[in-house]
Amino acid sequence: METPAGKADRPRDHDSEQSQDNVVSWEGEDDPTNPLNWSPLAKWVHVAIISIGTFTIAREKSPLASSIFAPGVVELAHEFHEENQLLTTIVVSIFVLGLAFGPLLAAPISEMYGRWICYTVFNILYTIFTVACGVSTNISMLIVFRFFAGVTGSAPLTIGGGTVADLFPMHQRGLALSFVTLGQAVAPAIGPVAGGFLTQNLGWRWVFWLLTIVNGTITICQILFTRETYAMTILNRRAKRLRKTTVHSSVTHRSVNFAIFFYSLVRPCKLLLLSPISLIVALCCAVIYGILYVLVTTFSPVFQDTYHFSIGISGLGYLGLGIGNLVGLWIFSMTSDRYMVAQANRFGSAKPEHRLPMMILSGPVIAAGLFWYGWSVQARIHWMMPIVGSGIVGLGNMFFFMPMVSYLVDSFPTYAASAIAANAVLRSIGGAVLPLAGQRMYDTLGFGWGNSILAFMALVFNPLLIAIYRYGEYIRTRWQVKL
């Protein structure tokens, strides 16, 4: 059941749910084994490793693993003698489709077996599939391995928010989530630049060798320097140890059988289908994510064909989006937790909806950036103008994404991973499908009206964001989902 917002910042959050299952609880609110009571250093080591993992792996708003490869698509098509532009677009977007399915596995596994084992298994598999991408001998083989790389690369982005909920009380989560998202924010700026120069000088396969080296290193650090953070898993392990060392038969642990695992697998789907809040947020996110991926998959052709950039230099066209992401992330990190504390002092307690005022601004900001970008390219104005426009889009992106993730984590703290996974399904499908029509739309309408349509799409969904802010608490309490 959805955890009441007012209780989300107490160290015994998960304790009450464990007691209901007759599982051992924390030894007082100051129990040092409770991740909420760990030292700041231990908490931030986990945050740092997750942030670097999201930088290399995948998901929100053109992370490194998907954006770094975009500049190399032209060379890949030439090597494989592939003239079908739709198929070469799929090579980039299929990774995002994998991210739609991966969270449906990562979230329940993390909530059944723990965060640590989920990070470890998925990171190792992602590294293997990335190597397979690098040795692909035809485009079909590459598409298949890119899909599975997306599936297995989803763990840090799916359960990163859940890890933050494990480690931090509500009024501290905004800053922690900002750091977890930092890798995703800078990846659009660094990924394509690195990918462009790697492709130009060493070939497109070296993009995957670089990802393999970086992610392999991060996986080793994750195995060595992180530990389990999920309260249910920690308490279940404690109960299991106590059963072996005591005669108290009442000490039980939650065993994992097929029925329980299946129930965990369907939890994200239940949230998506039965929670109106979860569904509305996911639909809005699918549109925003799709719009961003239309831009990401067309930046390289725009700057190579319209502004005659080389493959290496064309990666610089992504800098605006990355810088805009960073500015938006900085604004959120500086204001969100302070606003939550102020609202708690004013009303007596903080609500998840107090994360959302910034999200209401996202639609107009994204639309303004799309108008700027599209008509600058259409008029062939100096290349700096579309880069500035994409930076405004990046700013609006963070205005939407950060409050959205924080809202889901605060609304479903115990099952934050499932809440984010439910959102990821629609959002990643939007990011995979909408770009397939992007180039054809630009060919038919031009960049001016093509991006104007995307801007109007961003504006159409803004009233829904206002409705969530005003009526979200009522909807959450009226339609609670038994999890």
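Glycine too: its Cβ is placed from the backbone N, Cα and C atoms.
Remember, predicted model here, so these are calculated numbers, not experimental data.
The feature region 'Disordered' is assigned by Swiss-Prot to 1-31. Residues or ranges marked as compositional bias 'Basic and acidic residues' in Swiss-Prot: 7-17. Per Swiss-Prot, the feature transmembrane segment maps to 89-109, 124-144, 147-167, 179-199, 206-226, 276-296, 311-331, 357-377, 385-405, 416-436, 448-468; the stated evidence is sequence analysis.
Scored on C-beta pairs under 8 angstroms, the neighbour of the transmembrane segment (124-144) with the top count among 89-109, 206-226, 276-296, 385-405, 448-468 is 206-226.
When each of 276-296, 311-331, 385-405, 416-436, 448-468 is scored by its Cβ pairs under 8 Å to the transmembrane segment (147-167), the top-ranked stretch turns out to be 416-436.
For the transmembrane segment (416-436), same-chain residues at least 6 beyond its ends with a Cβ under 8 Å from one of its own Cβ atoms are 59, 86, 89-90, 92-94, 96-104, 106-108, 110-111, 115, 154, 157-159, 161-162, 164-165, 264, 267-269, 271-272, 275, 278, 281-283, 285-294, 296-298, 404-405, 408-409, 483. Distant neighbours of the transmembrane segment (385-405): 60-61, 161, 174, 177-178, 181, 185, 188, 281, 284-285, 288, 292, 295, 299, 302, 316-329, 331-332, 336, 355-359, 361-374, 376-377, 420, 423, 458, 465; these residues of the same chain sit at least 6 beyond its ends, with a Cβ under 8 Å from one of its Cβ atoms.
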